[in-house]
Structures are given as structure tokens and as C-alpha cells.
Amino acid sequence: MPGQRAPVPAPFGPGVAAALLAGVLWVQGLASLPGLAICLAWGLSGLWLWCSPTRWRWLGAGLVGVCLASVHGMHALALRLPAPDATGMHAVRGYVLGLPEANDGSVRFGFRVEQGQGDSAWLEGRRLQLGWFVRPGEPLPAIGAGSRWQFDLRLRAPRGVVNPGGFDFERRALERRLTATGYVLAGRPAGEPAASQAIDRQRERLSLAIAAAVPDARARFVQALALGDTRGLDDHDWTVLRATGLTHLIAISGFHVGLVAGFGALLGQLLWRLFPVLARRWPRPLGTAAMALALSLAYTALAGFALPTVRTALMIAVVVLARLLRRPQADGQSLALATIAVLLADPLAVLSPGFWLSYLGVAWLLWCLPREPGQGWWRPFIGAQAVAMLGLLPIGAWFFSQASLPGPLVNLVGIPWISLGVVPLALLGLLLHPVHEGAAALAWQAAAAMMDLLWQGLAWVARWPAALAWLPEPSLVSVALALAGSFWLLLPRGVPGKGLAALLLLPLFWPAADRPARGDVDLWLVDVGQGLALAVITHRHVLLYDAGPAPPRGMDFGEAAVLPALRAAGVRRIDRLVLSHGDNDHAGGANAVRAGLPIARTLAPEAWARPGMQPCLAGEGWQWDGVQFTWLHPTPHFPYLRNDSSCVLHIRSAGASALLPGDIGRHVEARLAKLPPGALRSDVLVVPHHGSDTSSSLDFLAAVRPRVGLLPVGHDNRFGLPKQIVLDRYQRYDVRLLDSASLGAIRLRLGRDGVRVIERLRRDRPRYWRHAPAGGTGYAIGDPPTAKVRRAGTDQGRRLGNGADHRAGDTGAGHHPGALLEPAPAGSAAARPGRRGP
């Protein structure tokens, strides 16, 4: 009615929860945090509005969200190791956090510092992420959950690579309040296990008991479903789960907590019937609710307090509290209260995909599938699959850039099979283990057998080439349109415009491609740390020059950085993969790239090329889409001399040119400098050998005359690259240097109007948790403020960061051994001792 005032929102209702969430989210898009005084003023004002019975209550909640998120962000950043101490030595005493993960030759674990010696005293109370590496053949140290140790450590501030579509490690470090990463130089036990880690020690003991009861690889699924212990799952397992859309079930889900709560309610009913005296002091409905809450909290603890389990436990607690107060709550109100509780306790939880998949999934179900009497069980169950498929598709695309095509059908079988068959047997084993270990073993073996039957079918489905669809990196607009389209499609039957709603999903699958025009070419320098991977993209073709490193005990950057970057750019096949030479920092990631994308042709130096490869020979070339490619080195029958055998490629577009020299040294540079005048002239030069003083000679730079230098280098690398003497040479020729360590991935366009800087991710997609570009100015070495910059791509911090294993959502970081990069035969030039570094 006219003049009627808007209703006052409930203090903890859905509207207030949405406003609180919006305030927290606004902070996560900032490049820098507001000052503490401003945050406190906003927070106090917001708290007053929130507590006032006015229609502006939602605004108060939003201001409180801004204040809390900012303060938590400031605190998390303040915990980080100072940058000047990036490689400092520290002697500390503390205890192990969580469940240590042992691999070949190493153990990785979290660590809480209790005492630091000398200059390390400030580390007390801080959280570290450590690795302990041993030599081949040596036994791994017996690192147990909660065990206390005295360590000598080498630490560095949390820092990761920044690429389109890639995993944001610095965001994960902020969410987990991580002070530093590092490795153990020496260690010894230092007393009794920490009492605060008793739950994790119990989880570890139960995990070992399951492994003993199911003495084969099938134990890994029982451990994951019963305890949230996913350490036994390998990359292939996660690939199968992603392809079939079942990762949400293997990492303990909220549904499992609800199932345990249901068992608790049944147990409460049974106890109150067997012992009527209990009803005299505690009504049966309240007793059963309390029993349900107690078991759900216990299971949440055994699951390591994963976010989906915490959300469900909070919702159960809200229902129990409402019953105690005799104030029944609707499901939406319970979800709002649980959301508010999580955000007030930890506003940085929104950085985790698990938060969105958990809360948004429940919100979709409550909105689109209201309870109706007489529906039966099968119609809501099938409807829930449709809601999950459509409602969560945009969120999955935003965080993971992937979608499981057979997932909805597989879930129709997988959800009841796992949740109503495997999980109850696994939980029954947990309950029986303290009473009768033999009976517990039988329950766990039955659970493993049931899971094995399902796994055979899942592995068969995952072999379908189109099972897992990789999507280009979506924009915020396309995700918002897809969410609106999903909501529209899920409205009740009879709502008009469903066909138009489906059109809103199209930008998610086919975003506007920013491919270069005919005659132009893009150079994407992927941030792979101390290595090289450069994507060369024309109007219709893709060349990948090198594939990044994959050290035996480190991350496979071909899988963790190169593949996500190519997929984010919409690349579905590689026309030519060039391995400039055989060193790991250039060719190590090739196996992962070959496994992830179809490759038409692979080229390498003639003396090093493996079966199936073609040689890159000076004088040969080809043309793609009006862009000319020419090999300049090595010449036919040139011996393999590692760096000096690098394939050197010259690229000429309609208005600019580039030179890709690999790791050639001054001797090969001198040979190239003798080519006919102008043959080497290039507007863009990929700095040879990462800025080592064995390369980038003055005569070579005089022959190339670059205007822009792309410097592929790792932050704070052990070789000390780039060398200052090399930087001075480039400064002498007035070359703008753009380095991947400072700027992340870098994208240039060589077009008719010359060279344009399209994107530098650390500068153009800033976030307050990321280390700023060099000097804090946003410009790399020698890069003046007059450089042309055009925004491209999306504005995302993105990817993972939830408590689950990182392989559940991203492309993983697995090792891909294979015949492609086997060692050179003994006695060959490739097998002779030589330096890897400068």
C-alpha cells in the first residue's frame, strides 16, 4: 500500500546474511586494504545499525563485513615472513599440524612454532608449511600428527606464480594464515605430542587401522570417506573423480554429516525408549536432537573440520538451539544463521571454493526444491541432481574452469551408493573399532569392496575423451549471466522464457575470444618460476615454446601452470610444441602438456630429438595466418651442446617481430650476429638464459636491437638471476624489461601498430594478498609509465584454496615420467657433466 514502510529485516535473516557476505566479498576485490582507523569506524557504525530495529540493518551488516574482512586480512598479512628475511635460517621448536603427507623422498606437513631461538623468537605461535627431504635410499623421518620437533629451517615468505586460470598459492597462504614455507635442514624429536592435536593423532591412528584392515590400495577410499584423509589418493584418482563429478563425495561432504546426525537421532530415540527415566529430566525430542548434534560434531572433528562439515554442523546446532528455545526455524533461516556464524568467525573463508560450493549448493536446493508432502523420495532426489548440475555449473567454471558432462547421470548412482552404502559401513567400522577390531575390519573391508565395484564403473566412464570439459577462463559478467540463467531454468514449470534463459549460459561456454587478427601474433610468457614456457598464438594456430620445469621433488609446472594458462586462453590443441633443448627448466613439463592437450607436432634440436620429434633446422620456416616463422639455429648436424643447441626462432608479424633464443650463450650469439644485416632485428627479445652473464652479449644486443625484453625468471632464484651486469647491458640499449618474477604472466601483441603490452597479471589483476610488482610501482625493470597497457581477460584472484586436496579441483601437480624426456645415452654430449645454472 502507498506510504507503507518497508519491513525491518530480521537481525539474523537471509537478507542480513547476504549483506554481511557482500561486505566481506567487496574487500576481497581490493588491491590494498583500508586503514585500521577507517575499518574500526565502519565496523562500529555498522554494528550500531545492525543492532537497531530499522530497515538499514542490512547496511550495518555489510559494514561489519567490510570491517571484519579487512582486519582479518591485515592480521594474516602481518603474520607473513618479512621479505628481507626471505631465505633466512631459523631454529625453532613446535609441533606438527594435521596429517603429514609422505611421498618419495620427502614428507610435507604443517608446523606450529612454540619457541624460536634468538632472532627467530618472533615466530612463536606462527604457522609454517614445511618439507623434509632425504637422499635416495634413506628412510623418511617418523613425522606423526601432533609430534613435537626441534628444527633448523630455511624459510621464505609465501609466494607463488600468477597465471590466468592457475592456482593462487598466495591466496591459499592468506586464508590459512601461513607465515612462511620452507624445508628442514636438521631435526630431532622434542618431547611429548601436543595435547591440542589429540584429534589429529586419533585420526592418524584410525587411518593406520583402516590400512591394516584393508591391506591394498582400496583402503584409500575408506580413509577418505571415514576420516577425510585423502593422502592416499593419487593424481589418477582425482582425474577420475573430476571426470565423473564425484569429488564432492570423496572429500567428506555435509550430506555425510547429516547422515551421522540422523544416526544420532535414531540412537537417541532408542536410548530414551530403553531408559524411560531419561525422559523425566530431559524430554525425548530434545534428547534426540542433542544426540544428533553430539555425533555430528564428533564426525566433523574426525573430518578435520572441513568447511562443508562445519556448515552442516552449524545448521544442526541452530536447529537444536531453536528446539531448546522452542522457536522453530525454517531451513533458509538456519542456513542464514550458519552463514553468519562462519563469516563472523572467519571472513576469509570466502576465498575457498568449498565455501561457495557448500553454501550456494544448499541455498539452491532450498530455493528450487521446497518440501512438498506426498512427493516420494525419487522425484526430489532427481530434482536435486538437476539443481546441482545447473546451479553449481557457473561456480565450478569460475573456480575450476571445468565441467563433468556425465556427472549428473553418474551422481544418480554414485550418491546413494556411496552415501547410503559405503559411508555407513565405514562409519560402522569407526564405532566398532574401540569394541572389537575384527568386526571393525569386516565393516571396512565391506566398504572397500562396495567402493571398488563402483570405481570400476567410474574408471570406465572417465576414459570417455569428452567426460571432462575444460572451459575458457570466464569473466565475472558471464558467471553472473549464467547464474541468472540457471535460476530462471530452475523456476517452476510454466514460467515463460526458459529458452531465453538457456541463452544466458552460452557466454560461459563460448566467451568472446580475444584472438589476434590475421597478421598479428600474441606472446604469452607463462609464469613458471625459474624456467621458460612461452605460448605463441596467431589467429588460428598455437605454438608452445618450451613447457616449464618439473623437478623430481617439486611442482610440475607443465601441469600446474602451462596447461591452466592455455586452457584459460581457450586453447584446445597445440599445433607445434618446441622444446628448445633438454634441460628440465625448459622441457620438464612437456609430458604433462602432451598428456593434457593434443599436439600435432613436436620439434627439438636435431642431436637431442627423441622418437616422434622433428628437428628445428636453421633456414627452415613456415607461415601461419600471415605471420612468418623462421629457424635461425641450430644448423644441420650441429652437435648437442645443451644450452648452445637451443632452437632459436624468429617471428615476424605484420608490424613487429620477436626472437626466441632459448638458453644460447655468447658463442652462439656471436655466430648469429654474423647473419646478414637485419636478420636478427626484433622488437621483442626473450632474454637468453634468464639473464645469465654467459648470454646477452653487447654484439648480440646490437644486432637484435630489441625495444622490449621478456625476462623469464623465478623470484629469489638460487642462481641470482638476472645478473646486474646483464641488466646494465639492456639499460645501455634502452630496452624495456618485463620480468615474470615481478609481473607474473605477461601478454604482448605484435600487431600492425607495433608492440603492445596487453596484460601483466600482478599489476593488472592486483589483490591485497599478492606481492606487489617490483618497487611497489607496478612497473618492472626499465618499464616506463608511458608503456601502452590494455586490460584483457578477467579480474579474478581465483582457484581453489579450500581445505580439500588441491588435486580435487585444479589440474594437479603430478609427476609425469615417460619416454619423451628419457636421459640421453651414456657417453653422448647430453650426458656429459655440465652446469645447469649460469
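In case you wondered, yes, glycine gets a Cβ from its N, Cα and C as well.
What TrEMBL records for this protein:
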type: COMPBIAS; residues: 792-809; note: compositional bias 'Basic and acidic residues'
type: COMPBIAS; residues: 817-832; note: compositional bias 'Low complexity'
type: DOMAIN; residues: 530-715; note: domain 'Metallo-beta-lactamase'
type: REGION; residues: 779-838; note: region 'Disordered'
type: TRANSMEM; residues: 6-26; note: transmembrane segment
type: TRANSMEM; residues: 33-50; note: transmembrane segment
type: TRANSMEM; residues: 56-79; note: transmembrane segment
type: TRANSMEM; residues: 249-272; note: transmembrane segment
type: TRANSMEM; residues: 292-322; note: transmembrane segment
type: TRANSMEM; residues: 377-400; note: transmembrane segment
type: TRANSMEM; residues: 412-432; note: transmembrane segment
type: TRANSMEM; residues: 438-455; note: transmembrane segment
type: TRANSMEM; residues: 467-489; note: transmembrane segment
Exercise. Tally Cβ pairs under 8 Å between the transmembrane segment (6-26) and each listed stretch (33-50, 56-79, 292-322, 438-455, 467-489), then give the stretch with the top tally.
Key: 56-79
Self-check item: Intrachain residues whose Cβ lies under 8 Å of the transmembrane segment (56-79), provided they are six or more past its termini
Solution: 8-9, 11, 15-28, 33-34, 36, 39-40, 42-43, 45-50, 126-127, 174-175, 177-179, 343-344, 346-348, 350, 768-769
Quiz prompt | For the domain 'Metallo-beta-lactamase' (530-715), mean pLDDT (0 to 100) | solution = 95
Quiz item: So which residues does the transmembrane segment (412-432) touch in its own chain, when a touch means Cβ under 8 Å and the partner is 6 or more beyond its ends?
Solution: 206, 210, 213, 221-222, 225-226, 244, 246, 249, 255-256, 259-260, 263, 299, 302, 381-382, 385, 439-441, 443-444, 446-447, 450-451, 454, 457-458
